[in-house]
Amino acid sequence: MKPRPGNLLLSLLLLALLKATGSDQSSDREVLQQVLQETTEDDAPAYYNVTVPSCCALGMTFNMSNMECEPAVDTIPIRFHYEDGQPVEYKFAYEVEVGFLKCPSYSLQPEADPGDTFYLLPDGKLKLEATGDMLSLGEFCLLATEEEMHALVCFSDKRDSSFEQVIFNQLYPVGLIISAVFLGATLLVYCLVVELRDLLGCCLMCSVLALCVAQIFTVITQKASQYLSPTACVIVGIMMHFWYLSAFLWLNVICFNVFLTVCRKNYLQKGHSTNRWFLVYSCYAWGLSLLVCLLAVARDFSSGLENSFLPKPNFGQSRCWFSGDDALIIFFYGPTSVVLGINVILFCISAYKLCSLSKSSEARAFQFTLYLKLFVLMGITWIFEVISFFVHRETYGSSGNYVWLVFDIINIMQGLIIFLVFVCRPAVLVRVCEVLCGVSFAKRWFKAHYLNTEADATNNETTVKHSVI
């Protein structure tokens, strides 16, 4: 069936008039839709000169596992909407321009993040709901995947001007870099001072190392993900997953080690038990992190797990990280929340046991400082991270966003907190000066102050080492 020429010309004139006047009234739309329907017979389309950019050709979908376009099993249709999000119900023909963007870009995934919602308008432009920006041809392309329609969008400083975008794109990376520097400084101090490298100190070094590497990868994803190839982006996402899990599990090891130190009198008093315990701890922390990470990778890339109940992580899509909340909960926030719960329980038991060790006021003051440092190390900043994740999900688009921004700012500075807690102590600083400068008085002051402080906080049969906590 062919559209009737006279009414078709009238419909195009009306459409041009509405576009020129900027009209967006529902009554105007209804009139236009009625005219368009009258210009066609049955389901024949009304024609409108629109070019839609598509990353892959029609009938093709982008396979996130292979990172390439391939023939589609189920074709996802291109849907048009008005600026208010209402679907366009009339039909019209459009041309498709195939090809990926030639600019640094990022992906919009509405189902994974409500802030990524976008609308393809009848004039071929793309509207970003979060900012209201209108993108023209060359600034975006639609990316059909196996599950939904995504969009690749060119980076633009103008679209990053909102308060939250400034915080995320500018403050977060700076905070993470500062945190990583202090984590590196903490690691260096523990390498220099032999007295700090007991079993608990070695566990702390592993935790600091894992967290430092994880934060470096996070900075890469936030500031350079648009310059990474798809394969490199996937690798960076997997590395982030592994190192963050390792940081959590090493904190769990520290909590368990402190628990044994406080509650068992003969702990670490037999021969080479220190090395043996460190080997066991390493197998637990590194091994379990690797196991969870491999499970996520297998779910993402193995065709044999397509029907699994586990959600796909889709590494490499959303700034190289997980692209959906379900997978993020299963493979990251779920395990880490369990570890946090165990840490809090171990901390409470250890604190209760320490309270019964001494009755002197001086020892109690030292123990209070010990608990505070221990609680910071055992995950108070990680608790902020978990809270910020769930608060962000529930309050997206509302004033509640500012709450999780505060949580996140506190969390990204945990490297500085760890440095202040474990390095910025007079005894440690003097020992560092002695190692670096060979100052004789530093050695005498360190021995007198350090040993006296430890002795005052020791109760008859139980000794709590001051070198790390």
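A Cβ is built for glycine as well, from the same backbone N, Cα and C atoms used for every other residue.
Remember, TrEMBL labels are computer predictions, not curated facts.
According to TrEMBL:
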- 1-23: signal peptide (SIGNAL)
- 168-426: domain 'G-protein coupled receptors family 2 profile 2' (DOMAIN)
- 171-192: transmembrane segment (TRANSMEM)
- 199-221: transmembrane segment (TRANSMEM)
- 241-263: transmembrane segment (TRANSMEM)
- 275-298: transmembrane segment (TRANSMEM)
- 327-349: transmembrane segment (TRANSMEM)
- 370-390: transmembrane segment (TRANSMEM)
- 402-423: transmembrane segment (TRANSMEM)
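Within the same chain, residues 241, 244-245, 248-249, 251-252, 255-256, 258-259, 263, 292, 295-296, 299, 310-314, 371, 374-375, 378-379, 382-383, 386, 389 sit at least 6 positions outside the transmembrane segment (327-349) and bring their C-beta atoms closer than 8 Å to a C-beta of that stretch. The listed stretches are 171-192, 241-263, 275-298; of these, 241-263 has the most Cβ pairs under 8 Å to the transmembrane segment (199-221). Along the domain 'G-protein coupled receptors family 2 profile 2' (168-426), the predicted structure has mean pLDDT 81.
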